[in-house]
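What follows is one structure encoded as structure tokens, with my remarks underneath.
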Amino acid sequence: MARKKFSGLEISLIVLFVIVTIIAIALIVVLATKTPAVDEISDSTSTPATTRVTTNPSDSGKCPNVLNDPVNVRINCIPEQFPTEGICAQRGCCWRPWNDSLIPWCFFVDNHGYNVQDMTTTSIGVEAKLNRIPSPTLFGNDINSVLFTTQNQTPNRFRFKITDPNNRRYEVPHQYVKEFTGPTVSDTLYDVKVAQNPFSIQVIRKSNGKTLFDTSIGPLVYSDQYLQISTRLPSDYIYGIGEQVHKRFRHDLSWKTWPIFTRDQLPGDNNNNLYGHQTFFMCIEDTSGKSFGVFLMNSNAMEIFIQPTPIVTYRVTGGILDFYILLGDTPEQVVQQYQQLVGLPAMPAYWNLGFQLSRWNYKSLDVVKEVVRRNREAGIPFDTQVTDIDYMEDKKDFTYDQVAFNGLPQFVQDLHDHGQKYVIILDPAISIGRRANGTTYATYERGNTQHVWINESDGSTPIIGEVWPGLTVYPDFTNPNCIDWWANECSIFHQEVQYDGLWIDMNEVSSFIQGSTKGCNVNKLNYPPFTPDILDKLMYSKTICMDAVQNWGKQYDVHSLYGYSMAIATEQAVQKVFPNKRSFILTRSTFAGSGRHAAHWLGDNTASWEQMEWSITGMLEFSLFGIPLVGADICGFVAETTEELCRRWMQLGAFYPFSRNHNSDGYEHQDPAFFGQNSLLVKSSRQYLTIRYTLLPFLYTLFYKAHVFGETVARPVLHEFYEDTNSWIEDTEFLWGPALLITPVLKQGADTVSAYIPDAIWYDYESGAKRPWRKQRVDMYLPADKIGLHLRGGYIIPIQEPDVTTTASRKNPLGLIVALGENNTAKGDFFWDDGETKDTIQNGNYILYTFSVSNNTLDIVCTHSSYQEGTTLAFQTVKILGLTDSVTEVRVAENNQPMNAHSNFTYDASNQVLLIADLKLNLGRNFSVQWNQIFSENERFNCYPDADLATEQKCTQRGCVWRTGSSLSKAPECYFPRQDNSYSVNSARYSSMGITADLQLNTANARIKLPSDPISTLRVEVKYHKNDMLQFKIYDPQKKRYEVPVPLNIPTTPISTYEDRLYDVEIKENPFGIQIRRRSSGRVIWDSWLPGFAFNDQFIQISTRLPSEYIYGFGEVEHTAFKRDLNWNTWGMFTRDQPPGYKLNSYGFHPYYMALEEEGNAHGVFLLNSNAMDVTFQPTPALTYRTVGGILDFYMFLGPTPEVATKQYHEVIGHPVMPAYWALGFQLCRYGYANTSEVRELYDAMVAANIPYDVQYTDIDYMERQLDFTIGEAFQDLPQFVDKIRGEGMRYIIILDPAISGNETKTYPAFERGQQNDVFVKWPNTNDICWAKVWPDLPNITIDKTLTEDEAVNASRAHVAFPDFFRTSTAEWWAREIVDFYNEKMKFDGLWIDMNEPSSFVNGTTTNQCRNDELNYPPYFPELTKRTDGLHFRTICMEAEQILSDGTSVLHYDVHNLYGWSQMKPTHDALQKTTGKRGIVISRSTYPTSGRWGGHWLGDNYARWDNMDKSIIGMMEFSLFGMSYTGADICGFFNNSEYHLCTRWMQLGAFYPYSRNHNIANTRRQDPASWNETFAEMSRNILNIRYTLLPYFYTQMHEIHANGGTVIRPLLHEFFDEKPTWDIFKQFLWGPAFMVTPVLEPYVQTVNAYVPNARWFDYHTGKDIGVRGQFQTFNASYDTINLHVRGGHILPCQEPAQNTFYSRQKHMKLIVAADDNQMAQGSLFWDDGESIDTYERDLYLSVQFNLNQTTLTSTILKRGYINKSETRLGSLHVWGKGTTPVNAVTLTYNGNKNSLPFNEDTTNMILRIDLTTHNVTLEEPIEINWS
């Protein structure tokens, strides 16, 4: 609670009073003599000594010589003021000023103190009379004779006390520590030496002779109101005493004064005395851990002075000196002994450990309700709502505000109904005023009657102060009557408001006026001769008068016990209100032993970063003091917090033992949900409070051990790692018990913490991964929503499935986290009871377990079980961290019974974590869980992937492991050792936008001899480009290497925000690796922390684990399924003129994959590298990239769905091209047309058969001798034919190969202009063309058909040059040749570019000899076709030079795979420049981003059944690769097709985006018109369906052009939550709504298909098929393909025609497929179908359709294209409309309503509506309603 706000008058009076006080003190100092400064009062706090000092001594102390005056051991003789020589002389001390005022100028010498007289041995120690050495007095009333007694209480505990033998002085009436009566012990860990003249005492550890406590350093001063003793300590490492703000856990020895006197004072950057009175400190002696503690049992005001050496001096204002010295072998033992002395901590109720919300001044109950509501809604784990004094009526205890908090009892019931608790505040001060309604205040009246108040010095008049309710009296909680009254008041109020716990505040005791309403008497109690360095230097400042009387004594003596006594009284009250329950007590003021009764918070802190940091020290100090349930006000009490501060504090506060968010009046709310339901603060708070609740069984067990054994809960690091001196100063991190290390972020704007990691094995709590750190300081990256949590190896942690309250979570299954330590062992324990009954431990009503792990066996041993209700709970999960080998078997046994196999377990190799689930190990029984560990073959990473066969000798020479496997195993026999660590991480720098790390080659570990020499220094850059996309790049920072010159669409600077990022990245060490983790699931989705990483000049290798076996992509290589086969398969990638075949690298190069994760999320990974490579897939699951050059430049896309991940990839590589509308029509081609007549004959046959058909091609046979830009003799009339069919709505596409003949005897402009413009690929550093041979024939050569292929090439093929399409001049030259051919020779509408891998019919060059073997035969040759024949096989030499557009020279070695890509954009641009239309470009060779410029066909396939399903795989893969316009040669390219195969392929091919029938020369015709009428009819029907659906299909093409994504869509993209779809590849979707299920097997008339979980309609009939979420066998007659429309979608259609020119003029139709709720949506994109960039220029029509029950509406989103003849709506077909008959259909259009004719099939729920006569066009909105 905050300080009172004083009025101006009050402030003026206070200032005046302070001035007067200062003057008075000055006078006292000046007049200081033997006579007391004030009159004595008759009933002194101590009986006056028999002998008093009445005269000044005649001599002063003799100063030591300078050599014997080490300044750090000076004991100050004038502690209360600035010293003067005169005062020093009066006190008989040595005056020797120094150049630093911190060092005493006046200090004691040997003339002060006491001498020993008559020392005797007693039954429990020694006893001696001490006589004062005659010397000047300091503060008067010295006691000349005192009694010194010692007690050897235990082997570890020694007590000595110094009292007045003649007069009883005040001694603390501690309620637990009683007078020791023996027996004594003889075998102690300590010796005690007493020096006699002068007296001093030494406590010495026997084992090493080290002096622990030595008072010889200074004199004993013992007067009535001033006691002083000093001790030298053996170590500089001192911890404890309080309550003050120390900032650091280890005490600063630099002349620090720490006053102790309980005070209502908020913590600050000063030495102010605060709320508690704690005199215990601990000192660690050395790295053996030996430590000791010192406790002074004294409650009077005092100060403790700490100075170098070190020396501790006590200056106490009364009572006695009563010291306890406690010895331990460890710091933890010392604290245990202290707690056993003053009282072990209370066992909290389980719910006390839940999170609490509070604030001062909610203002009304409605506000409290809103706070509770929003935090419930945010899912914040939250057990307790607290209200401060604002709930009270006029701040009076035991009342509530009936206006602002009306309904409070009902609200409390709501909390209870939700499993939550309610805690109220009670202040001790009781108002003497009346209630708001004028009635008497019953609480006050009953207290008066029972005489329960603290009285004035007369002992009978209640002292009156002022607190929150105004004028108040103060209960005397040391009075038994008061305790009864207090308990009764608590009980009465509980009957009205059923609170669950009590928060007692202001109990220092606090008053807002000094002393009382009457002031305070001038006497030695209110104005003692010595006042410690307390705030205001006034004893009764902000409290009551020191001469006030309580049952235990004068306020002067018992003031600091007020909170202690109130806690004891409140404990008794709780027992009355909650019989036999623990409840909850939170106190602000404390004393030694308060932890037996109450928890404590650190008071009214400030919302500042430094106070958050200091809270850790405060918490650790109270752990020493025996109050483990402690915490600070999370987010700060005073001042406005900030989101960042509060977020970081919530992270820390989630691990305070007492976790409460509380703030003050007048500031913004700071409960987590106040910051927004989706704020980073809420997410982070929810995450870490969820972790807290998960760990509550562990935390509760720690409290059990604190309660029974005195162990600390929030534990200083030094308590566990005392051998390491670095731990002695750690106070910005702490432990829970021995096992959980908590490292918060404590600095504003920081995301990296310099953290010390002690000497143990540590695991990241959240991932379970083992950390490489040990006994070192690290820069721990902790971004905005993270706190460091690490589990210590060697410990077993009990956990429980969390919930939002402990009421709920306690019912959930339990689990264990086993963090394996040294030798793979671990231990732990677990305590469980009902969580609320008092004394369950003492009564034995609990369950106790011990856990241990060794030899791969977990023993779960129940050592006590007497809580029957608890046995319904069970350990359901066991998570074992640090298992380096795979686990293949788990076995479980109960009570030493035989082991049984347990199958529900998973091993996470990335994190080396075994998770065993579904165990059902009920509490109360013993169990054993056993697992095996094997180094699985699947964990082998191939060390010898080379082309030659591996042998054991070669393997061991390489430094790898050789082990043969079974005959069936495909695992490598030569593999990397698991410890392979090729590179070490020199440094890793984390920032908000990425990571930079430097790697150094480990030459000492570089025994792995890979194919080429390694690069010694590497750099890793990770860039968080977007929230869902990141890049990680590994390169040589000292030498620029080739990087792919393909432009990508990535932000120039990262635009991600930490809070919204979907991923976290970590650089791993030993070995180096990168781990990327999906935040939402914690799943590691990239993990290259594996052996085998290599970065050589011509060999780069990196492996990564995969999150599942479901991976798709990589190409272009023929695959047998859409999902990759991970059974040790390697696929090479290097563009080659290679017809598709299993594992044969083919035309394109696409190093991209998409992976599904076990949770159903998806991500994509793209490696931007264009060098030859291969990728190995293994069942780990894992993959390994090997590439022969460039760098590693990865991009990852986080999805989280397959379609979204694909869109994210397309966003980077560019959205797919928008084809012309006509390009979606059916197309015909073949290689081998003899002349134009054959083409004409085909065309006429198709038209006669009325088979829809849009595009005709000719292959290279139309050319003269296969020369580009020529027309052969047999095709001289081709241009006229093309003009004719184009006039009939057809389109024409020609083929162009890149190879340009250089052997022409006549003018060949293409070559000649190419030479002039320097466009051809050349040998490096020369002007010579690198010649090759492809299709062009030599002029004037007769082809000998009998020659072999190679002989024919040599004999008849011309030398050809390859254009270098990287050059700007080449693009210009290419465009000119295309334009000239179009304008001068023949028209065309699209271009087909082939042979652009680039393909050559010779190896490298015309001589078959290249000039650089290192490039053509690299040290490592990827697993490619013709692996031993060199990279130049059937292409050009790798050393050929190409020139990028910026003039950079590059090797063909690096850019070979970019050749087709480099040709596509120039071809696309030239086509559009030439025709002025959109057109289409079809390319055989492709690279990522190619889809921006054109389409792709799947190459020269075979007329075989197995090539049909592979075409679906290929299309779906190219959909991932960003090329939506794809298809295969329908009916097959090679070999003669056959009737049934071609039938089924025509049915399938009708739904390829690129639908072309194409075959090779010298095989039979296979066009639809070439078979028979039945075939023609089938083709006509199926193509009519395609043409009908073209508006829908075109709209889908637009969607992915605008937004990325897939048109040919795998089922898993839409139905990823249905696991069967993950394997489906013989079906596919058009967009989201149209499913195609072809027949892919010969001579069958059924097809087995998976029907996803949605409503589906048979396209042919419109009927609901009534099947979903299962496999189904469908009929499929020879002329039928199964097509289904998904419910919930609207498909725009159009009547078909001969070609799209005519179909676009037909009526449109809408297929409305209703979902289960009679809802559906769809859209139409429409433009002129051929203009360039219509979408980009807004020249299009966009219509949105919606079905809502019985009403269909359209909404015009864009009206940039209007052609009413193309968009006339002719009909509407509603499928699945429902069973209600339709009586009427109404059209609302252009403001008019009209009835429409309709036809209804009620049985099949189909409604057909006719609009043909109403001239409705889709450019205007429509509404159609049926009823």
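Using N, Cα and C of the backbone, Cβ positions are placed for all residues, glycine too.
As the structure is a computational prediction, the values presented were derived from the model and not from experiment.
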According to Swiss-Prot, which candidate in His418, His451, His662 joins Asp264, Asp388, Arg588 at the substrate site: His662
Selected residue, Swiss-Prot feature phosphoserine, from candidates Ser7, Ser767, Ser1449: Ser7
Per Swiss-Prot, cysteine bonded by disulfide to Cys77 (from Cys63, Cys93): Cys93
Helix-strand-coil residue split for the domain 'P-type 1' (61-110), DSSP-based: 12 helix, 5 strand, 33 coil
Helix, strand and coil residues within the domain 'P-type 2' (932-978) as assigned by DSSP: 10 helix, 6 strand, 31 coil
Pairwise Cα distance maximum in Å, substrate-binding residues per record: Asp264, Asp388, Arg588, His662: 17
Which of Arg588, His662, all binding-site residues, has a Cβ with the fewest other Cβ atoms inside 10 Å: His662
Most crowded position, judged by CB atoms within 10 A, among Tyr239, Tyr765 as modified residues: Tyr239
Lowest local Cβ density among Cys63, Cys93, Cys94, Cys635, which the record lists as disulfide-bonded residues, within 10 Å: Cys63
C-alpha spacing of Tyr765 (sulfotyrosine) relative to Tyr239 (sulfotyrosine), in angstrom: 29
Cα-nearest neighbour of Cys77 (disulfide bond) within the listed recorded positions, Cys63, Tyr237, Tyr400: Cys63
Integer mean pLDDT for the domain 'P-type 1' (61-110): 92
Cys94 (disulfide bond) to Asp264 (substrate binding site) - Cα separation in whole Å: 38
Residue among recorded positions Asp388, Arg588, His662, Glu1397 with Cα closest to the Cα of Tyr763 (sulfotyrosine): His662
Which of Tyr400, Tyr667, Tyr763, the listed modified residues, has fewest other Cβ atoms within 10 Å: Tyr667
From Asp264, Asp388, His662, Glu1397, Asp1500: recorded positions whose CA lies within 10 A of Cys635 (disulfide bond): His662
Rounded Cα separation (Å) that holds between Arg588 (substrate binding site) and Tyr667 (sulfotyrosine): 22
Set of same-chain residues at least 6 away whose C-beta sits under 8 angstroms from Tyr237 (sulfotyrosine): Arg250, Cys283, Ile284, Leu718, Trp728, Ile729
Candidate recorded positions Asp264, Tyr391, Tyr400, pick with smallest Cα gap to Asp1500 (active site, proton donor): Tyr391
Euclidean distance between Cα atoms of Glu1397 (active site, for sucrase activity) and Cys88 (disulfide bond), Å: 100
